[in-house]
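Per TrEMBL, signal peptide is recorded for 1-15. For 21-61, the entry in TrEMBL reads coiled coil. The transmembrane segment annotation in TrEMBL covers 71-88, 109-127, 175-193, 200-222, 242-266, 278-298, 318-339, 346-363, 369-390, 402-419, 457-478. Residues annotated as domain 'Ammonium transporter AmtB-like' in TrEMBL: 72-501.
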Amino acid sequence: MRVSLCLAFATFAAAQPAPLLQQVEELQKELSQQRQLIQELKETRRLQESMADKITKLQETDLGLGGALDSAWLCLCGALVMFMHAGFAMLETGCCRAKNASNVLMKNLVNVCCGTLGWWSIGWALAYGEQNGNGFIGTDGFFGFGFYTRDKASGVITPVECTADGCQSTMLSWFFQWAFCTAGATIVSGAVAERVKSPTYAAFAFLMTSFIYPMVVASTWGGGWLASLFGVGYMDSWLVDFAGSGVVHLTGGISGLVGTTILGARTGRFTNPEEFECHNLPLVVLGTFALWFGWYGFNPGSTLTMKSGSDGALAAQVAMNTTLAAATGGITVFLLRYVIMHKYDVGALCNGILAGLVSITAGCGNMESGSAVATGLIGGFVYQAASMLLQALKIDDPVDASPVHGFCGAWGIIAAGLFDWGRGIDHYHGWSGFGCMEKDDGGCQTGIGGTAIGVQFIMVLAIVAWAGTLSGIGFFLLKITGVLRYGTHVEEVGIDSHHHSPPKAYALEPKSLSPSKVYSTMTSETQPSTAHKFCGRIARMRPRDPTPHFSRAT
């Protein structure tokens, strides 16, 4: 049948004119070309799909690499900030009296432990939880819930979902911000040292890290009402506190000032001031260097990312500004004290360094190096004036925590607005780093410098009002219930000997002392008979002069 049809078609085609045959051949060629084109399109589509898959995988790899770099950077910087607690402990211990050294050290350790639990259970959620438009307080993330995604069927945990905005886990942010939170609470420890009861301070540390400090964070870094003043968002906000002159240091400093005012001065502080001098300057210097070292996690780490060259350049600029302000603040206070006392004051030099560090913390990411020097210089004057003011008002702050962190923290917030490296007062960089704050069309916003400086003042007032009021209520309630302060007898004999085991932080052997020191120690700590016997032995051990006394006279 098929053979018959083919023969019939061939006979029909042979009978047709030549033009018709040519048209058939052309149609056959076109059909072949169309088939070839379809095949090429299919191959192109297959290649496109393959390339799209590869691009997606490369993007995921790039985001994953960026997330790994961010994680390494923030874990390192968070560890440096945590190491600052060692500096706080050494500095505070050295500034206080030896008979309370163990208590001071214990209080710093308890602060970190109780502060950690407060931050994990409540603090993080209030600070960085979803605010749902209220602008004041977070509402989720309590006790670590919601930090990662768990598949209900398999139980498999997805710790982080990478997006175009980044690839950082919630746990990473929790750890880094925890270090800041507990550092802020430790500031209060120095201001109330040597007379506050240890369990009472532990309770206040929990309150500080779970409510007072987180509420400040929620209003600022958490994107709340302070960060949204005049209708702008957090990263476009005119409010600038790069690493926490206000959020951390002013909050801790004003809380410490209120606490030490309500607590009252140490017994005899202003009647026998020579008895309250630093008992161990080497510890003070060691603590200062530890804090300065840790500040390179505190400030450069606040870039919060390390994905690109520009991120690295900003971190380097921040580190340079931090160094310059610290050095300038230290030398400024050192010279001021020399002019006043005509003697070298190592403790003042240490506090001057810390004053410069606190002052630059807010503006370290939006000012040039010359402005950083000016910030540290003025910060030194602010610290010295505040310290003298507290002395005149007879407010007893054993380590000058409130002048360093409170007053210099307030100055740092204002300096961040005044010295912003935007062109004149017309342009403003703020959170934008090396670039200006932009309009919708990509151009620089103009005429906003004055408003930005005004926002900085509002931030200072808001933090002072909130932290001061809440701390005042807390300390006052503790005072009227009688659980705030140790009694006069405990202060006189020392908290260590009364409440700690062993009863003293230092174990000095008598053989390491000179005979006169040993005699003094024995007469004060042993029975008179024993002391006289010991001194007799010392006297018999001394070589006698063989020349009679009368021969010397002659």
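Cβ coordinates come from backbone N, Cα and C, glycine included.
The average pLDDT computed for the domain 'Ammonium transporter AmtB-like' (72-501) is 91. Sequence-distant contacts of the transmembrane segment (369-390) (same chain, at least 6 residues past either end, Cβ-Cβ under 8 Å): 320-322, 324-333, 336-337, 351-352, 355-356, 358-360, 363, 397, 400, 402-404, 406-408, 411-412, 415, 419, 421. Under the criterion of 3 or more C-beta pairs below 8 Å, with sequence separation of 6 or more, the transmembrane segment (242-266) and the transmembrane segment (402-419) qualify as touching.
Under the criterion of 3 or more C-beta pairs below 8 Å, with sequence separation of 6 or more, the transmembrane segment (109-127) and the transmembrane segment (200-222) qualify as touching. Remote same-chain partners of the transmembrane segment (200-222), defined as residues 6 or more beyond its termini with a Cβ less than 8 Å from a stretch Cβ, comprise 107, 110-111, 114-119, 121-128, 131, 135-138, 177, 181-182, 184-185, 188-189, 192, 234, 239, 241, 246-248, 251-252, 255, 259, 459, 462-463, 466-467, 470-471, 474-475, 478, 483-484.
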